[in-house]
Structure formats: structure tokens, C-alpha cells
Amino acid sequence: MADAATITKLEEGFKKLEAATDCKSLLKKYLTKSVFDQLKAKKTSLGATLLDVIQSGVENLDSGVGVYAPDAEAYTLFSPLFDPIIEDYHKGFKQTDKHPNKDFGDVNQFVNVDPDGKFVISTRVRCGRSMEGYPFNPCLTEAQYKEMESKVSSTLSNLEGELKGTYHALTGMTKDVQQKLIDDHFLFKEGDRFLQAANACRYWPTGRGIYHNDNKTFLVWCNEEDHLRIISMQMGGDLGQVYRRLVTAVNDIEKRVPFSHHDRLGFLTFCPTNLGTTVRASVHIKLPKLAANRDKLEEVAGKYSLQVRGTRGEHTEAEGGVYDISNKRRMGLTEFQAVKEMQDGILELIKIEKEMQ
């Protein structure tokens, strides 16, 4: 049972949400009085309550989603809130649906989407993973952060071939290394106000770090928003090469570190928007003609379930007609299907851009 102080805070938070008529978050939409009453006293075995789930969305009324999972059990215990939010965000992933088993498919189906190098500046595929047996950020202790980091760094130090590289702990990092990682756009900063409010940045920078291979085409973030963010990237449009590298790495790491997986929801992550495959495949792409015809761009993007963002990611503008375009769907389809959908969409965008020139 949640304690009285927590329940009081929850009641206040619920009142604040109810009063916020211009709040458009999925939290506000689905945290009805009956769902609230059903969940307010519940507590996971690691001690997480509904307050841990909703506090970021209560503090930041401009959130798009507004909920985070403090631990893996939260997705089950607080499912009357999570399930409708998941269904709404991952369009069409119904509460009776089951995410398919992991399937990276035939990696040779992926190609260089821009062999002439005229449109695509860079290509990146990432996934998120949580380590089994550990809660997510808000419930982690300082000792757990350290323990996880040592498991991750020793696991990664065994990677070979193209993936061989160096682990840099954020704790005690020298200014030189820090600057170098910033210049390479590798360094992650302490969380934004949404993550701060979710208590995702405690004991910072303990247990946080960055691994990269010698070529700087493979990157692992340890204990940023998720336990692990595994990233493969390079300049140009060779999606095939980027995808193959990621798949090799994930399969290798998985042999040594068991990941949290849910029968219905797939791979578990801190934020429900990343569940399922957790895969985000993206390109930075120059589309000057389509940029001038935003409706056409959005129409094609919609057809292939692509998300169009500004150059520097979420909530930014396109600089010089350069967009960050990625797959939108992560749940209810396989890893292969998610990336294939993105490849098909990018090829179509390039074809249309060429026709408009």
C-alpha cells in the first residue's frame, strides 16, 4: 500500500490535472477519476507508486504523454492507465494485442538509400534495453547505478572487430575527453525538465557513461534515460551497413546481459513511447523541394508512418532544409518491419524530391 503522504500528494496532483483545461497530455486524457481511485493506493514490490508514474506529467502540463514506468512491474500493476495510453500513442496497438517476438529479419534487404550521396547526410539506428532485475531510473539506488555500470563496461570491453572500443564513465571525466565527446555529438546531458521531474536523474553522474568504437560508428549510452541505448550510425545513406552493425552488437550484448522483456509489450523501457521493438531508424536528409511543399512531405510521411522532426530532433526547426526523419511505429511489428517501413518511405521521398527538381 502507498503511504498516506503519497496518497495526499497524488490527490493534489489529480486536482491540478483536472483544473488544467488546456493540458493535452495522454495522462490527462486517460487518468479518469475511476482509474485514479483504482490505482492510487497501489505499490510495486520495489516500492513504486502511481506518483512515480505521473509526477512528471503533473509538474509539466505541456507534456505530450506525461507518464513513465518506475520499474518493469509498473506496466502490469498500473495497466489501467498505461494500456490506453500505449494504445493511443502506438496507433492501433490494442489492449488485446501482443507484440511479436524479436525478429531482425534478413539484414541484406537493407540498402544504401542514397548511393549518389545527394540527399542523406547521415543514418542512425538505435534501440533501448533494460537490464533484467533492476528497476528504472526513479527507483535505482546509488549502489545499483555503480553495479550496472561495471556490468555494462565489462561486457562492452569484450566486444571485438568493428565494435571494439572504449568506455568513458561520466564520473571523473576529464575536460578534454568531455569536449571531444561533445564535438562528436556523443555526450548526453543531464535530463531535461521532463526527466528531472520523473526523478530520472538522481545521483548524477554516478553510473552513467558512454562507450564508442574506434571508428565512432557504434555507441552505447549507459543509464541515460534507459539502462542501455545502443546506437549505430555513420555519414551517408548506407542503412544496410548501419542496421547490420546494430544487429550484430545487440545479439552480442544480449548473450552476456539479460534484458527485460514483457510477453505483451516487448522490450521494456522507461518511457512507454519506446516499448516493443524500441527501434528508431533515422536519417538526416536534405529535401529542399519537399521542404518548400510541407503538405506533400507530411502526406508521404503519413503514408509510410514516418516522423518528421527538425534538424536537432524533437521540438526543433529544420536548418537549411535538413530534416530528421524516422520510423514512427515501434510496437505491434517486428524490428525488420519497422526499419523496412522507414527504408521504403525514405526511398519514396528521394524519388519525389528528384522528380520535383
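Glycine residues also receive a Cβ, built from the backbone N, Cα and C atoms like all the rest.
The annotation L-arginine binding site is assigned in Swiss-Prot to G64, V65, G66, V67, Y68, E225, C271, E314. DSSP assigns G66 (L-arginine binding site) to coil, not to a helix or a strand. The number of other Cβ atoms within 10 Å of the Cβ belonging to G66 (L-arginine binding site), over all protein chains shown, comes to 29.
Taken from Swiss-Prot, the feature ATP binding site applies to 122-126, H185, R229, 280-284, 309-314. For R229 (ATP binding site), the number of other Cβ atoms no farther than 10 Å from its own Cβ, over all displayed protein chains, is 22.
Per Swiss-Prot, the feature domain 'Phosphagen kinase N-terminal' maps to 9-91.
The domain 'Phosphagen kinase C-terminal' annotation in Swiss-Prot covers 119-356 and rests on sequence analysis. Within the model, the domain 'Phosphagen kinase C-terminal' (119-356) carries an average pLDDT of 93.
Per Swiss-Prot, the feature N-acetylalanine maps to A2; the stated evidence is similarity to another entry. Counted within 10 Å of its Cβ, the other Cβ atoms near A2 (N-acetylalanine) come to 19, all protein chains included. Secondary structure at A2 (N-acetylalanine), taken from DSSP and collapsed to helix, strand or coil, is coil.
Straight-line distance linking the Cα atoms of R309 (ATP binding site) and Y68 (L-arginine binding site), rounded to a whole number, equals 22 Å. Of all the binding-site residues in the list V65, V67, Y68, C271, the shortest Cα-Cα distance to V125 (ATP binding site) is found for C271. With V65 (L-arginine binding site) as the anchor, the candidate recorded positions are A2, S122, R229, and the one with the nearest CA is R229. The Cβ of Y68 (L-arginine binding site) has D52, V53, S56, F136, P138, A198, A200, F270, C271, P272 as same-chain neighbours under 8 Å, each 6 or more residues away in sequence. Cα spacing between G64 (L-arginine binding site) and S282 (ATP binding site): 21 Å, rounded to the nearest whole number. Annotation for S282 (ATP binding site): spatial neighbours T123, R124, V125, D324, I325, S326, N327, M342, criterion Cβ-Cβ under 8 Å with sequence separation of six or more. Taking Cα separation as the measure, A2 (N-acetylalanine) is nearest to E225 of the binding-site residues S122, E225, R229.
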